[in-house]
Amino acid sequence: KVHLYFSVFVADLLVYIPAVILYCFSLKETSTKKKASICALCILLYPGLILIDHGHFQYPLSLGFALWGVLYLSYDWDLLGSVAFCLALNYKQMELYHSLPFFCYLLGKCFKKGLKGKGLVLLTKIAGTVVVSFAVCWLPFCTDMEQIMQVLRRLFPIDRGLFEACMFSSPPPHLANIWCSLSVLIKIKNIVSPQTQLKLSFAVTFLSLLPTCIKLTVQPSLRGFKFALVSCALSFFLFSFQVHEKSILLASVPVCLIINEIPFMATWFLLVSTFSMLPLLLKDGLLLPYAVTMLAFLSVCVASFSIFEKTSAEDLQLKPFSLSLKGYVSWFKSFPKIVRSLFLLSVTLMGILSVLSAAVHPPQRLPDLFPVSVSIISCLHFLLFLVYFNVVILWDSKNSRNQKKIS
């Protein structure tokens with residue numbers, strides 16, 4: 001067992017941590033080594049990934065490869081970025097959460113270059129790279145068609161139902177997505193057939209991420225790509241089929257990548273994402289590490305980024321949206337105060353629920369009171385965050401200024 005946990009640490013050292021450090025030092029916003037180091041420290045202190053990787057025990061390789069993909073694309077090394085993401089996707093199928101932003105961003109770059117010239121050449125190279133990467137990864141299974149189908153059934157066990165995949169234990173863990181939260185009031189699994197559940201979740205997920213994907217394809221930019229990674233992953237987490245509590249990490253890691261741009265909202269999101277996994281963390285006996293890492297992360301972010309001073313509409317990337325409201329712009333004057341108050345209320349509520357979940361026995365009639373409360377409150381947070389990130393993306397006025405790097 002010790003060797004297994006040590007192997008996670010080695011995987012961190014070889015794949016995930018180097019990607020984070022190189023990414024932070026490559027940012028234009030982190031003009032000094034001190035700023036880059038602070039940014040890297042905050043990302044590496046993200047409690048959710050620390051607790052899941054080293055407490056719950058999970059290899060960080062898929063997220064690490066995805067980060068390498070983002071890093072390569074930031075340098076316009078599109079083929080290397082494609083290989084890195086193919087490795088991430090073939091290591092863990094949940095990287096599908098990030099697949100559409102990668103696809104739309106690269107396709108958008110090809111469109112910008114012109115599909116009758118350089119764009120067509122780039123598209124052909126990327127397509128060839130993806131095919132070869134997948135072929136190499138799947139080569140060991142290609143000796144037998146039945147073996148391939150077995151792997152696919154294992155990767156996508158549709159017969160388990162809408163959220164059956166996250167219910168192996170008894171009582172089942174609770175999940176902060178829309179389907180599990182709604183099931184408290186409406187027993188969806190009892191009134192809708194599995195095939196209809198699949199179609200429903202697909203339709204809602206597709207519609208929720210469609211605006212972001214269209215915007216990214218039409219106006220590809222590295223900044224838009226990073227925000228799209230957050231929005232699309234969050235849409236998948238909230239609405240897709242068979243989600244696990246840990247899947248929120250697929251939205252959280254892209255949020256880490258924009259913590260230097262919107263430190264206040266990023267810090268808030270990362271705290272909520274860790275809190276949403278509280279029932280799983282308590283089950284694993286990680287109460288003390290949870291409390292320590294949450295406090296350490298919040299303290300470092302407050303000290304490093306002065307997050308409470310960065311709550312204006314401009315700091316939160318909402319200036320274009322506020323200007324589009326025309327007659328309602330005056331409401332934004334009190335916006336920073338409202339946002340800070342909501343943040344403090346949110347953190348207080350998370351703290352109280354964390355203490356109650358760990359120290360108080362729920363009523364006999366409501367044994368799941370605290371886990372359900374954690375799930376529903378987290379889900380409401382994530383829905384609001386999804387609206388926020390979509391507003392930032394769709395009203396983004398910086399994309400046009402970022403085209404010069406692509407063209």
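The backbone N, Cα and C atoms fix where each Cβ goes, and this holds for glycine too.
Predicted automatically and left uncurated, TrEMBL annotations should be read as such.
Annotated transmembrane segment per TrEMBL: 6-26 (among others), in sequence order.
Taken from TrEMBL, the feature transmembrane segment applies to 38-59 (among others).
Note on the transmembrane segment (65-89): residues 15-16, 19-20, 22-23, 26, 95-96, 98-99, 102, 105-106, 109, 122, 125-126, 129-130, 133-134, 137, 222, 225-226, 229, 253, 257, 405 of its chain, located 6 or more positions outside it, place their CB under 8 angstroms from a CB of the stretch. Residues or ranges marked as transmembrane segment in TrEMBL: 65-89 (among others).
Panel annotation: around the transmembrane segment (119-141), residues 78-79, 82-83, 86-87, 90, 106-107, 109-113, 147-148, 151 of the same chain, lying at least six beyond its termini, place a Cβ under 8 Å from a Cβ of the stretch. The transmembrane segment annotation in TrEMBL covers 119-141 (among others).
The transmembrane segment annotation in TrEMBL covers 224-241 (among others). Same-chain residues lying 6+ beyond the ends of the transmembrane segment (224-241) with a Cβ under 8 Å from its Cβ atoms: 70, 73, 96-98, 100-101, 104-105, 158, 162, 177-179, 197-198, 201-202, 204-205, 208-209, 212-213, 215-216, 247-248, 250-251, 254-255, 257-258, 379, 382-383, 385-386, 389-390, 392-393, 396, 399, 402.
Within the same chain, residues 20, 23-24, 27, 29-30, 35, 39, 42-43, 46-49, 51-52, 63, 66-67, 70, 94-95, 97-98, 176, 223, 226-227, 229-230, 233-234, 236-237, 290, 293-294, 297-298, 301-302, 305, 307-308, 310-311, 315-317, 339, 343, 346-347, 350, 353-354, 374, 378, 381-382, 385, 388, 392 sit at least 6 positions outside the transmembrane segment (248-275) and bring their C-beta atoms closer than 8 Å to a C-beta of that stretch. Under the heading transmembrane segment, TrEMBL lists 248-275 (among others).
Long-range contacts of the transmembrane segment (287-308) within the same chain, counting only residues at least 6 positions beyond its ends with a Cβ under 8 Å from a Cβ of the stretch, are 38, 41-42, 45-47, 50-51, 55, 259-260, 263-264, 267, 270-271, 274-275, 278, 281, 340, 347, 354, 358. Positions annotated as transmembrane segment by TrEMBL: 287-308 (among others).
Summarising the annotation, TrEMBL assigns transmembrane segment to 342-360 (among others).
Taken from TrEMBL, the feature transmembrane segment applies to 372-395 (among others).
For the transmembrane segment (372-395), same-chain residues at least 6 beyond its ends with a Cβ under 8 Å from one of its own Cβ atoms are 174-178, 180-181, 184, 208, 211-212, 215-216, 224, 227-228, 230-231, 234-235, 237-238, 248, 262, 265, 269, 272-273, 275-276, 278-279, 316-318, 320-321, 324, 346, 349-350, 353, 357.
Within the chain, the transmembrane segment (6-26) has long-range Cβ neighbours (under 8 A, six or more residues past its boundaries) at 33, 36-37, 39-40, 43-44, 53-54, 57-61, 63-65, 67-68, 70-71, 74-75, 256-257, 260.
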